[in-house]
Amino acid sequence: MKLLAGSFAALFLSLSAQAADCTFTQLEIVPQFGSPNMFGGEDEHVRVMFSNEDPNDDNPDAFPEPPVYLADRDSGNDCRIEDGGIWSRGGVFLSQDGRRVLMHEFSGSSAELVSYDSATCKVVHREDISGQRWAVDKDGLRLGQKCSGESVDSCAKIVKRSLAPFCQTAKK
């Protein structure tokens, strides 16, 4: 019985440490050399690629057409995200360990933050942020309402949330 209790305690501590270490860094999405309609960003763990479907826009602020391509360097897996709304170019973040990609997706008046497993493209967590200003930083997720400007700092009401749900195990 002590062995079982010890195993549960170790699992709990491991999950708690994972949640506590859940931080995301914004990924700069830039034009890819040699391919005028491809944009992407990368770090040592993962590469994220978008296709720009508008040949007249060489500096898009969003990518309206799936898929998004993920190349996970740690596992060697590549995958495609086929579902999604419009992906915001400035709304792509990577987890510190490279296992999660967090993206801002929107369509019409609805908006979500969605995290994906970088090796499988499975959804880890999604959060509806419709009608709110948002920011991801070292302190977590900040959501603002009653805003006078475009940034979350212009909001009269700001709620802080943990990023831990975005780092959990991918949903099946």
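Heads up, residue numbers simply count up from 1 along the chain you see.
Glycine is no exception: its Cβ is also placed from the backbone N, Cα and C atoms.
Listed in Swiss-Prot:
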| type | residues | note |
| --- | --- | --- |
| DISULFID | Cys22-Cys167 | disulfide bond |
| DISULFID | Cys79-Cys121 | disulfide bond |
| DISULFID | Cys147-Cys155 | disulfide bond |
| SIGNAL | 1-19 | signal peptide |
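Each residue contributes its Cα atom, and for Cys147 (disulfide bond) and Cys121 (disulfide bond) those atoms are 33 Å apart. When secondary structure is read from DSSP and collapsed to three states, Cys79 (disulfide bond) falls in the strand class.
A 10 Å cutoff on Cβ-Cβ distances gives Cys79 (disulfide bond) a total of 19 other Cβ atoms nearby, all chains included. Candidate disulfide-bonded residues: Cys79, Cys121, Cys155. Nearest to Cys167 (disulfide bond) by Cα distance: Cys121. All protein chains included, Cys121 (disulfide bond) registers 21 other Cβ atoms within 10 Å of its own Cβ. A count of other CB atoms within 10 A of each Cβ picks out Cys22 as the most crowded of the disulfide-bonded residues Cys22, Cys147. The two recorded residues Cys121 (disulfide bond) and Cys22 (disulfide bond) have their Cα atoms spaced 18 Å from each other. Comparing Cβ neighbour counts within 10 Å across the disulfide-bonded residues Cys155, Cys167, the minimum falls on Cys155.
In this structure the C-alpha atoms belonging to Cys155 (disulfide bond) and Cys79 (disulfide bond) are separated by 37 Å.
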